[in-house]
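According to TrEMBL, the transmembrane segment annotation covers B:12-32, B:52-74, B:86-103, B:109-129, B:136-157, B:177-204, B:239-260, B:280-305.
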Amino acid sequence: MFLDSDLLMSALRALTPILLAALGGAICERAGVFNIGLEGMMLLGCFTAVATSWFTGSPWLGVLSAALAAAAYSLVLAVGAVTLKGDAVVLGIAMNLLAVGLTSFLLRTVFGVQGTFSDPALNGLPLIGGLSPLAYLSWVAVGVAALLLSRHVWGLRLRGVGESPDAAATLGVSPAKYQYGAVLSSGVLCGLAGAQLALGNVTLFTENMTAGRGWIAVVAVLLGRALPVGVLLAALLFGLAEAVGFRLQGVGLPQQATDAAPYVVTLGALFLSTARRRRRTPSSSGAVS
Amino acid sequence: MTITRISGALRSPVTASVLAGLLVGALFLLGTGADPLTAYDAVLTGALGTDGIGATLTTGTSVLGMALALAVPLRAGLINLGGDGQLVLGGITAAATALYSPLPAPLTVVLALLAGMAAGAGYAVLAALCENRFGVPLLVSSLLLSYPAVSLASYLARYPLKEPGSSLPQTRAFPDGVALPAFGDSTVTVGLVLVVLAAAAYWFTDRWTAFGYEIRMTGLNSRFSVYAGVERAGLTLKLMSVSGALAGLVGAVGVLSFPYRFVDGSLTAPGYTWTGLTAALLAGAAPVGTLIASFFFAVLQVGGLAMERTTEVPRELTQVLQAIVIVFLAARLRFPRTLLKKKGAV
């Protein structure tokens with residue numbers, strides 16, 4: 001049987017980091033900050049998680065420090081894009097590059113190795129029912145984010161800030177405060193995503209180990225229209241594509257074909273969703289709204 | 001006049017960002033216990049000394065080529081993130097042409113260069129069509145398309161075109177004479193001349209032609225340019241085809257230089273696409289600035305190795321330095337991008 005529980009489990013494992021990062025991206029998007037630095041924040045989280053777990057022996061401290069480090073890193077985006085009103089896209093690209101350089105640099109200065117650090121003494125996260133605790137946390141996070149955004153006054157204000165910062169400011173809501181909050185939460189979520197990748201899915205750190213997952217998360221935000229549940233479905237699609245690809249490798253498909261599968265599937269889904277939206281609003285005159 | 005220009009350049013955000021980057025780099029160096037002055041001196045002498053200048057110009061060829069590829073659309077406010085895909089498709093297409101062309105060697109080289117450019121251009125146009133026809137933002141479509149292209153090239157190099165009996169993921173070596181002529185016994189090839197010519201053509205177009213003016217106007221204010229009659233979709237298509245052709249050229253030049261074959265990963269691993277993007281961003285996509293910034297980053301990249309030898313500080317530090325310069329710069333930068341404004345993206 002092809003669609004068995006193993007496949008589902010491996011899809012769930014693959015989707016967790018994407019989901020956590022994409023939730024962060026969605027919150028930023030709602031607050032009006034386009035965050036394409038997810039990849040870099042996640043990568044920094046991977047390294048911090050591994051380094052802390054190795055030095056303290058505790059994967060939990062690894063998770064905590066990954067969240068804190070990525071949140072601190074996300075301040076670069078908050079200060080640059082919100083306070084200084086710089087270009088968020090360029091800043092995000094630069095942050096991704098910086099994270100690749102920084103983690104490779106630290107890998108060599110801290111551990112004295114190049115490429116990959118893995119050690120039997122490195123503690124990964126315990127598994128509950130085959131999944132790391134962060135996987136369950138990510139589902140809870142979807143629910144919490146959905147409730148906050150749709151029901152709570154914070155979510156209303158956050159959306160208000162994203163849709164019309166001036167109107168929000170007139171009503172006494174500080175746009176900068178909400179945007180800082182959104183960017184910092186995306187940092188925390190990306191840090192958790194990184195910890196899951198480095199201590200949950202595997203137990204090691206490899207240079208550039210996020211390998212485009214942060215970008216997939218950016219796409220998941222677009223695909224899920226920045227709605228928590230939409231983002232969950234988009235991440236599930238990616239997780240399934242990765243799991244099915246991995247399974248097909250077992251029946252002799254070359255690895256290169258299965259490596260490309262998640263990106264192709266994501267792109268295809270993006271086509272379908274934008275094409276459908278366009279048919280509904282034919283007057284959109286080329287704009288992507 | 002000159003004095004005001006010089007003081008203007010000194011006060012520009014670019015200078016400030018580069019200085020800030022060097023300062024943060026110095027802090028890193030101090031943190032690892034190295035002397036920043038010794039390290040920076042090693043970078044400069046390593047990259048510009050007689051031993052290093054050849055490597056700097058070779059690296060510079062690829063960096064400048066990719067920087068131009070990304071600068072051309074960036075001038076109109078479009079970001080092409082699919083450089084890696086266009087680069088490797090150009091490389092593998094040129095390699096296949098070089099291996100199977102029945103023409104004499106010199107013609108084969110020309111054909112391989114053209115085939116590489118065509119492959120890169122065709123793939124970049126695909127990303128442009130994704131934006132024009134389906135409304136997938138260029139930033140996203142170009143990046144997502146890049147991954148399957150890299151996988152495809154990797155597959156071709158590892159299976160159909162693989163060198164028999166070799167354990168390395170590489171194609172067979174090209175026939176004798178199918179190579180770009182090199183200067184003396186250096187690794188610098190005619191490829192450098194080609195990308196410098198491309199830079200000159202870009203400068204000319206940008207400075208003296210109506211098309212160049214249209215591009216700049218779109219970059220400065222895309223809403224206004226639409227009022228003024230610039231057709232957005234067509235412009236995207238044209239700029240992306242030029243961009244892809246340049247990336248394809250870099251790939252073709254890469255395989256037609258030592259070791260005269262396509263080695264899986266050798267085009268993408270040095271990160272020319274990202275270094276090129278960084279250079280183009282630093283220069284605001286201006287032609288002369290892009291040339292200078294590319295050279296600056298090639299010096300950093302090659303000099304990093306020398307710094308590693310002298311001070312034992314990992315060469316990855318120079319990558320950190322590059323990114324920090326752009327982080328500082330981006331905080332002051334404002335690019336109009338109507339298609340990617342917040343409501344546009346979602």
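Cβ atoms are placed via backbone N, Cα and C, with glycine included.
With a cut-off of 8 Å on Cβ pairs spaced 6 or more residues apart, the transmembrane segment (B:177-204) and the transmembrane segment (B:52-74) reach 3 or more such pairs and are scored as touching.
Of the candidate ranges B:52-74, B:109-129, B:239-260, B:52-74 contributes the most Cβ pairs within a distance under 8 Å of the transmembrane segment (B:280-305). Note on the transmembrane segment (B:109-129): residues 80, 82, 85-87, 89-98, 101, 103, 138, 141-142, 145, 149, 178-180, 194, 236-237, 239-249, 251-253, 255-256 of its chain, located 6 or more positions outside it, place their CB under 8 angstroms from a CB of the stretch. Long-range contacts of the transmembrane segment (B:52-74) within the same chain, counting only residues at least 6 positions beyond its ends with a Cβ under 8 Å from a Cβ of the stretch, are 45-46, 80, 83, 86-87, 138, 186-189, 191-192, 195-196, 198-199, 202, 215, 219, 236, 239-240, 242-244, 246-247, 249-250, 253-254, 257, 270, 272-273, 275-277, 279-281, 283, 285-287, 290-291, 293-295, 297-299, 301-303, 306.
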